[in-house]
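A.B. asks: This is the structure, below, for whatever I ask next.
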Amino acid sequence: MADNSTQSAQVMDITWDDATWILTSAFIIFTMQSGFGLLEAGNVSPKNEVNIMMKNVVDVVFGGLTYWMFGFGLSFGVDKGTNPFCGVGYFFVDIEDENMGVIYSTFVFQLSFATTATTIVSGAMAERTKLTAYTLFSFFNTVVYCFPAHWAWASSGFLSQLGSVDFAGSGVVHLVGGVSGLVATIMLKPRQGRFDDKAQPEMANPANAVVGMFMLWWGWLAFNCGSTFGISRGKWKLAAKTAVTTLLSSMSGGIAGTALSFIVHKGKYDIGYLVNSILGALVSITASCPLIHPWEAVLIGAIGGVLVIGVDHLLVKLKVDDPVSAVAVHGAGGLWGLISVGLFTTQDPVENITYGRNGLFHGGGWYLLGVQTLTILCEVTWAALITFILLFIIQKTMGLRVSPEDERLGADLVEHGIMQKTDGSQLAFTSQNTPVAPTVSQLIPNLHAMTGIKSTKLKSGITERKTSLFTVVRSLPENSEDAGSESTGSSSVGTALRSATSRESSEEDHTTTQALPA
């Protein structure tokens, strides 16, 4: 094992070429937020696609601020008091000494990793989480990420001192994020009607999901190659090898997913199989990418792709509702990625990443595999425990889940004042800037499609009660047979809908007999 003081000196000793490489990689990694947003928006139902994009914004805005405040310091601080469990120092990052360049570039790079770990959770919580509650969770979720980052990546971290290897974050980023997502989706419980029948959940836009996958694929190259943390002193060789193994792994994962889809779906090519198998293979290779042979990358990726699809099916069997398969892709893929290090890796002559050890299949014995298993146990336990505590507190104070009525209407309408029209376009209205108010006849078909409430019931509710359409919808149960409890809605949405009902009352009576969906 390399001496810790030597490691620290090497970290500080980077050239301006290294800094350029690190910053460029970090900027590319930030584009993965766009990829996650498109992937998630493509997978959820149309009434929630804007909301899930907003949650990806929240991850960067709120999670990024807390990482600057204390996350980076707890991960990589080196002041007095730093110990194997956490770092001390660099809080509210502000450096003006000779280490300014390396600290700032390291912060930006690690910030991109931290926000990615939080974004993974947003997919698992999609379509039934209050935006305010999620924002608060995103603000504090830095705690879940920054401690495992110290254990595995800081020279003083206890897993690092034991010889744990996680080159670009299969465990620290993906396994931690996947476990957090699993805890969150179990606490939230499934979406309404998710397991009532065998029908697949509605996807807002499969094409967007595929585009999002491509953006993540592109960003993953920076994610893995940038983790060489420079290109000087032979590190460019590791970066080049990392690019090859990352691409080969994703390709083999995609082939495995395509073959499985063809077999399981009897000649059909399922979008979810292809997307998840590629992403699962990318997660799987992230821990070992510069430390294995290309043919081993093909094997790791293929196993990762199949494993992710299998775990996703298992979760469905267990009625765990993960709208974007985040738990399977990042949780199962991250676990396999850490295990594969203990099996396939060989000693690295450039940076001594494995501390001179080989994996089991290369004559290294059981030590490295044992350390990787310990890493999994520590990260899974930590992520599950801290995520549960954070969400439990939020649940008891402000509530995590939206009301059943709001869930049926969709977060786009309830939280953003945006309604999907029947032609797939969007109609936005707010109390500050309300366009020409839509008529009740225009709104009812959209609400009927979103809620399943009969159009005639919606129409009669407005006629008889002379109240806002929003209140009528929220007061009716899903089967429209009995009246439910009244509740007040969003002021902006309510204003627009009251405007609609007022306008409707002045129209010709023939609008009340206009043909509406059954």
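Quick reminder: no glycine exception, Cβ is built from N, Cα and C everywhere.
So TrEMBL lists these for the protein:
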- 20-39: transmembrane segment (TRANSMEM)
- 21-419: domain 'Ammonium transporter AmtB-like' (DOMAIN)
- 60-78: transmembrane segment (TRANSMEM)
- 102-121: transmembrane segment (TRANSMEM)
- 133-153: transmembrane segment (TRANSMEM)
- 165-188: transmembrane segment (TRANSMEM)
- 209-231: transmembrane segment (TRANSMEM)
- 243-264: transmembrane segment (TRANSMEM)
- 271-293: transmembrane segment (TRANSMEM)
- 299-315: transmembrane segment (TRANSMEM)
- 327-346: transmembrane segment (TRANSMEM)
- 366-394: transmembrane segment (TRANSMEM)
- 477-518: region 'Disordered' (REGION)
- 485-496: compositional bias 'Low complexity' (COMPBIAS)
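Distances, neighbours, how buried they are, the whole picture for these features please.
C.D. replies: Listed by sequence, the residues of this chain that lie at least six past the ends of the transmembrane segment (60-78) yet keep a Cβ under 8 A from its Cβ atoms are 8, 30, 33, 86-93, 106-107, 110-111, 114-115, 118, 135, 138-143, 145-147, 149-150, 153-154, 156.
Same-chain neighbours of the transmembrane segment (133-153): 55, 58-59, 62-63, 65-67, 70-72, 74-76, 84-87, 110, 113-114, 117-118, 121-122, 125, 159-160, 164, 166, 171-173, 176-177, 180, 375, 378-379, 382-383, 386-387, 390-391, 394, 398-400, counting only residues six or more beyond its ends whose CB sits under 8 Å from a CB of the stretch.
Beyond the ends of the transmembrane segment (165-188), by six or more residues, the same chain brings 113, 116-121, 123-125, 128-129, 141, 144-145, 148-149, 152-153, 223-224, 227, 242, 283-291, 320-322, 326-335, 337-338, 341, 345, 353-354, 368, 371-372, 375-376, 379-380, 382-384, 387-388, 391-392, 395, 400-401 to within a C-beta distance below 8 angstroms of the stretch.
Under 8 Å from some Cβ of the transmembrane segment (209-231) lie the Cβ atoms of residues 11, 14-15, 17-19, 21-22, 24-26, 28-29, 31-32, 34-43, 106, 109, 113, 116, 167-169, 203, 238-239, 242-243, 246-247, 250, 271, 275, 278-279, 282, 285-286, 289-290, 351, all in the same chain and six or more residues away from its ends.
Note on the transmembrane segment (271-293): residues 39, 43, 165-171, 173-174, 203, 206, 209-210, 213, 216-217, 220, 223-224, 228, 238-239, 241-242, 245-246, 249-254, 256-258, 260-261, 264-265, 300-309, 312, 325, 328-330, 332-334, 336-338, 340-341, 344-346, 348, 353-354 of its chain, located 6 or more positions outside it, place their CB under 8 angstroms from a CB of the stretch.
Counting residues 6+ beyond its ends, the transmembrane segment (366-394) has Cβ neighbours under 8 Å at 121, 133, 136-137, 140-141, 143-144, 147-148, 151-152, 159, 162-166, 171-172, 175-177, 179-180, 182-184, 187, 335, 338-339, 341-343, 345, 354, 357-360, 400 in the same chain.
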A.B. asks: Do any residues of this chain, six or more beyond the ends of the transmembrane segment (20-39), have a C-beta under 8 angstroms from a C-beta of it, and if so which?
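C.D. replies: Those are 14, 52-53, 56-57, 59-60, 105-106, 108-109, 111-113, 115-116, 119-120, 122-123, 208-209, 211-223, 225-226, 228-231, 239, 275, 324, in sequence order.
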A.B. asks: Which sequence-distant residues neighbour the transmembrane segment (299-315)? Criterion: at least 6 residues beyond either end, Cβ under 8 Å.
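C.D. replies: Sequence-distant neighbours of the transmembrane segment (299-315): 248-257, 260, 272-273, 276-285, 288, 292, 322, 325, 327-329, 331-333, 336-337, 340, 344.
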A.B. asks: Looking only at the domain 'Ammonium transporter AmtB-like' (21-419), report the model's average pLDDT.
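C.D. replies: Across the domain 'Ammonium transporter AmtB-like' (21-419), the average pLDDT comes out at 93.
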